[in-house]
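Novice: Would you mind keeping the following structure in view while I ask a few things?
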Amino acid sequence: MALSDHSRQLLDTLNKQRQSGFLCDCTILIGDFHFKAHRNVLASFSDYFRAYFKDSLDSIVLLDQIKVTPSGFQTLLDFIYSGNLNYDSCNLEEINLAAQHLRLEDVVATCRTKIESLVGLTKPSVTHLAPTSSSLDENEYFTSLYPREAMKVDAIEISYSQSKVKKGIKGKKSQKIKRWKRPLRSHQHVKKKSSKCQLSSPKTPAVLSLDAKELELMAADHVAKDNTCLLSFTSEIDCEIFLSQNISLETATMTQQKPAKLQQDCAMKEHCISNIADITNVCTMEGCDKELDPKYSKNKPVCNTCGKVFSEASSLRRHMRIHKGVKPYVCHLCAKAFTQCNQLKTHVRTHTGEKPYQCKKCDKGFAQKCQLVFHSRMHHGEEKPYKCDVCNLQFATSSNLKIHARKHSGEKPYVCDRCGQRFAQASTLTYHVRRHTGEKPYVCDTCGKAFAVSSSLITHARKHTGEKPYICGVCRKSFISSGELNKHFRSHTGERPFVCEVCGNSYTDVKNLKKHKLKMHKGSEEAIEMKSAENSSSSEDSTTKSPEPESLELKPSDLFLPLTLHISPDDPQMLLPVSDNRGLSSETLLRASVPSYSEPQFIFLQQMY
């Protein structure tokens, strides 16, 4: 038993798969646009694709944009997957050309039939305009119809017989052109109103009359030159006629008409000019969408979705891709898609390694111009235009200022979905999540050691290269990280910022403090019990206290690798108050000991210790 809607269901399923990119095994490239599809579907309907895929297994097919336009191919692709051919007078010709190139015979036959019917509709609607005698030669008549293509026309007075024009229009019409009756009347109505304010001149009267044969020849010539927008030809002729008349009337009656009448005529003139511009230009745009209308108005284009204002219609079209999710620019190396062409160009540089923006002071290269600007502001003393209103600190980018402002406001919009901890930066949350997952994506090429933070890998790589960029200002000793330099600097100042909350011993390095707690107190719970026992014991039992720090003095060989934290000499002293009642967790200890560090530095500190 065969299901009646089986074929329709199959087409609908294939179309949904195409739209979502599921199982698509080929990509059609037309200029900067790409279309994903299935080879077997294309080969089933198109002789061109059948022959192409028979000889080649390439997944990317390049089509000539002159023969197959993106909008025309989109219409044909929708027809192949749905069976519905959506066309109008604007895109009919480009669909026909694309179908001929791709050898879709059924579509070609349909387009030819439609074009012939449109030509038949256009000729009668033009020949019924007005069969009157002509007092103008062919050049003058053409000038009156197309004043923009002719030379400057002197101010003349135009008068014509209203009754004859009406008589020509009210002639017999076929059933096919009844729909043109309404727009023709509207144009004649405008002419009738404009004729009331004309001035008659006895010296040089100029009579405009329309010859049916000449109009028919001009219509045929117009169709031969451009088969697009055939249905707009009659409206274009009427608008041009009225425009030429209105220009003459406005010039001849400029000194006698009232201001209100002048405004009305100017409005009519602008309306006709706008209509003609729409007719001649709208067919060249993508699919004649309504989004393109702002280009032909005096107001700036505005996005109907988010209200953003643009200076040009092309900018609005690119912006609309964001709302529609259209990403026509695809990287041929990794298949990643982008909304704009410049985004694709920047992305390709990640594959090629190209860095066209060079710093003139240090010859360092960058893939983006904004990266060069940021580098110059950060490292070469250029102006940092973004200033904090609270502490007057200046920043190179607005994003850095925004992140800094959260320190004053306390805002932490990024929340860990596992433990609920909040962070001020998205990157900090990323580093934090890696503590839960154990992910360490940054791997050393030399020894294979992995790190969760990129800065840790950079510092680690200096061990292999021997680079030591941080130099002590007192003894000129160099170190591989700023954290190691600050730890060394405490040997000159005698500072011991890390204090044990159990026994009160202080250390210059948090690693030494951690080692002390593991050796002497064996965990925070035993440390709390030991501390409470010390407080309750008498002076006679003072011998039960922890051994004196002879075993706490650490040699340089006992130290671990230094921290990779940037601590300037201006940072406040990192002192931890001693609590006699309860011990502190390692996380609380680290947070209290480094109050001036950013979240990424704090996470790195926790990971290392």
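Including glycine, each Cβ sits where the backbone N, Cα and C put it.
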Novice: Given 148-170, 240-262, 470-492, which one carries Swiss-Prot's zinc finger label?
Specialist: 470-492
Novice: Checking feature assignment: motif 'Nuclear localization signal' per Swiss-Prot, candidates 121-137, 172-188, 342-358. Which range matches?
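Specialist: In Swiss-Prot, the motif 'Nuclear localization signal' feature sits at 172-188.
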Novice: Swiss-Prot tags one of 76-98, 214-236, 329-351, 559-581 as zinc finger - which one?
Specialist: 329-351
Novice: According to Swiss-Prot, which listed range is zinc finger: 5-27, 189-211, 442-464?
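Specialist: That would be 442-464, the stretch labelled zinc finger in Swiss-Prot.
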Novice: Need the matching range: Swiss-Prot marks zinc finger on one of 276-298, 414-436, and I'd like to know which.
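Specialist: So the range that Swiss-Prot calls zinc finger is 414-436.
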Novice: For the zinc finger (442-464), DSSP counts of helix, strand and coil?
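Specialist: Result for the zinc finger (442-464), in helix, strand, coil order: 11 helix, 4 strand, 8 coil.
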Novice: Given the zinc finger (386-408), which of the listed stretches 329-351, 357-380, 470-492 has the most Cβ pairs that are under 8 Å apart from it?
Specialist: 357-380
Novice: Can you tell me how the residues of the zinc finger (329-351) break down into helix, strand and coil by DSSP?
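Specialist: The composition, in the requested order, is 11 helix, 4 strand, 8 coil.
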